[in-house]
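Per Swiss-Prot, the features are:
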- 1-16: topological domain 'Cytoplasmic' (TOPO_DOM)
- 17-37: transmembrane segment (TRANSMEM)
- 17-299: domain 'ABC transmembrane type-1' (DOMAIN)
- 38-52: topological domain 'Periplasmic' (TOPO_DOM)
- 53-73: transmembrane segment (TRANSMEM)
- 74-115: topological domain 'Cytoplasmic' (TOPO_DOM)
- 116-136: transmembrane segment (TRANSMEM)
- 137-158: topological domain 'Periplasmic' (TOPO_DOM)
- 159-179: transmembrane segment (TRANSMEM)
- 180-237: topological domain 'Cytoplasmic' (TOPO_DOM)
- 238-258: transmembrane segment (TRANSMEM)
- 261-281: transmembrane segment (TRANSMEM)
- 282-579: topological domain 'Cytoplasmic' (TOPO_DOM)
- 332-567: domain 'ABC transporter' (DOMAIN)
- 366, 367, 368, 369, 370, 371, 372, 373: ATP binding site (BINDING)
C-alpha cells in the first residue's frame, strides 16, 4: 500500500517525501528515547541520589518536546503531500480515461473508475497523517525501543527484538485473512452499486413487466451476494483479531517474565522494573493501534487499488501527426482491415477493404452484429484495427494525435448522450467558438428550432441528466444539430433513426441531406428509408463487405441487399384488418 501511495506522489514533491520520511524516523527515535528514559529516571528517583533524577527528567522533557515538534512538522508535510497526491491523482485519472480503450469500460470497470474519482478525497488527504504515520510507528517504534533497551538490559532488548517479527507477522496474517474477504466484499459492493443504478434507471421497463420488487431483480441477487461477502468479511476478521491478541499476550508474558526474573536475581531494581512495565505498554501500543486501523487500512488499500486499475488500464496509443487546416473533404480508405474485441469469440471485421470518394454519402447496411458500427468507430479513431490500416486522404488514422482524430470526424450516435445543461450548451459543445448564426443554422437544419420555439425557456431549457427532460426524438435532433455545428470534414451517422417514429425519422434524414457543408458522409442504417440519399451502399455481413454499389445497382443484382430491401418494404405494408 505504501509503495502504491509513493508512486502517486508527484515528482516535484519527492524531495518533501524524503524529508517527511526522515522527520518521521526522527520522531520515532525521540518517542522511543523518551520512553526508555523512564527507566534511569525511576532508578535515580528511588536511588541513593534522588537529585540526579532532575538530569534524567530534563532529558525526558527534551525528548518529549522534540517528539511533539517533529510530529507537528511531519503532520503538516503529510497533509501537503496528501493534497498533492489528491490533485495529481484526480488529474491523472481524468487524463487517463479519455485515452483508455473503449472495451475496458465494462460495468465493473466503469464503477471502479467512478469510485476512483469520487471517493478518493478524504482518504488520500488523510492517508499520511491517519494511516502512514501510525503504520510507520508500528513498524519502527517497537524496534527502536528494543534497541534502546539493550544498554539497560541486553536480555530484555533481545526479548523485545524477538517480539517485533512475532507481532508484525501476526498483524500481517490478520490483514491477509481480512484482505481475502475484503476483495470479495469490494467486488460485491461494486456490483451492488451498478445494479442499484440500473434498477433506478430501468423502473419504467421493470414496472411494465411487474418486476418492481428488488428481490425479483438483479438487485436482489446483488444484495444477497453483498450480504454473503460482508458476513464472510466479518468471519475472516475474527480469527485474525484472535491471532493478533494471542501474539500480543505472548509478547507481554515473555517481556514481563524476563523483567520479573531479572528483578528477582537482582539484575534490575524494583523501580527499574516498574518503569519497564510502562515501557512494555508503550512497546505494545503501536501494534494495538494498527490492529484497530486494519479496516481503514484495507479500505485505503482498496481505494489505491481502484486508482491503480484506472491508471494502468489499456490505452489507445495515439500518434503524433496533425490534421491540415482547411475545408478539404477527404477520401476514406480501408486497407485489409481486421478488428476484434479482447475476450471476444472471434474477429468482428476481417479483410475489409473499400475506398470512399471525397464528398460522397455512403450507406453501410447489414444485419445486426455484422460490424457496421465498428467500421464507423474505426474511422473515428475510437478503436484501432488489429490488422490493416484506416486511411483518411492517405494518412493512417492511427498516426494522428488525439486532437487531430477529434477534428476530422463529427459523429451522431445511435443513443445520443446530452450533458446536463441547456440545449444551447449541448449544441455548442461541438464547437464552443461557433457564431450565433452558425448555431441558428444548425438547429434549423436539425429542426431543433421547432422544439426551441415551443419551450418556455427556448434554447436555455435545461435538458436534464443525459437529456432526460427531452423525448428520444428530441434528443436525437439536438445531437444532429451538435454534429452539424462541428466543422469536421467527415460526418459519421450510426443508426440515428432506428428508434424514432416516422416524423422524427423524416426530420433527421432531411437534416442530414440539407447540410450545406461539404463532407464525406458515412451512414450506418438498419431502416433503409434513411439511406435514400446515399450515393453508394456497402452491404456488410459476418464482418465482410459482401456487396458494393449504388442502390439501383444492388437492387438490380438481386443479392443480399435486394432481399433486405424487399423484406423491409413487405414489413412496411403489413396491416391489422378488423373483421
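Quick reminder: no glycine exception, Cβ is built from N, Cα and C everywhere.
Around residue 369 (ATP binding site), a 10 Å sphere centred on its CB holds 12 further CB atoms from the protein chains shown.
Cβ crowding, taken as the number of other Cβ atoms within 10 Å, peaks at 366 among the binding-site residues 366, 367. Under the three-state DSSP scheme, residue 372 (ATP binding site) falls in the helix class.
Each of the binding-site residues 372, 373 was scored by the other Cβ atoms within 10 Å of its Cβ; the lowest score goes to 373. Other C-beta atoms found within 10 angstroms of the C-beta of residue 370 (ATP binding site) number 21, with every protein chain shown included. Sequence-remote contacts of a segment are chain residues at least 6 beyond its ends whose Cβ falls under 8 Å from one of its Cβ atoms, and for the topological domain 'Cytoplasmic' (1-16) they are 77, 80-81, 84-85, 88-89, 92, 124, 127, 132, 135, 297, 300-301, 304-305, 307-308. A Cβ distance under 8 Å defines the sequence-distant neighbours of the topological domain 'Cytoplasmic' (74-115), meaning residues of its chain 6+ beyond its ends; these are 5, 8-10, 13, 16-17, 19-20, 23-24, 27, 121, 124-129, 132-133, 187, 190-191, 193-194, 303, 306-307, 309-311, 313-316, 318, 341-343, 377, 382-383, 402. Long-range Cβ proximity for residue 368 (ATP binding site), meaning a same-chain Cβ under 8 A and a gap of 6 or more residues, is found for 526.
Sequence-remote contacts of a segment are chain residues at least 6 beyond its ends whose Cβ falls under 8 Å from one of its Cβ atoms, and for the transmembrane segment (53-73) they are 23-24, 26-27, 30-31, 33-34, 37-38, 40-41, 44-45. Sequence-remote contacts of a segment are chain residues at least 6 beyond its ends whose Cβ falls under 8 Å from one of its Cβ atoms, and for the topological domain 'Periplasmic' (38-52) they are 60, 152, 269-272, 274-276, 278-279. Residues in the topological domain 'Cytoplasmic' (1-16) partition by DSSP class (helix H, G, I; strand E, B; coil) as 13 helix, 0 strand, 3 coil.
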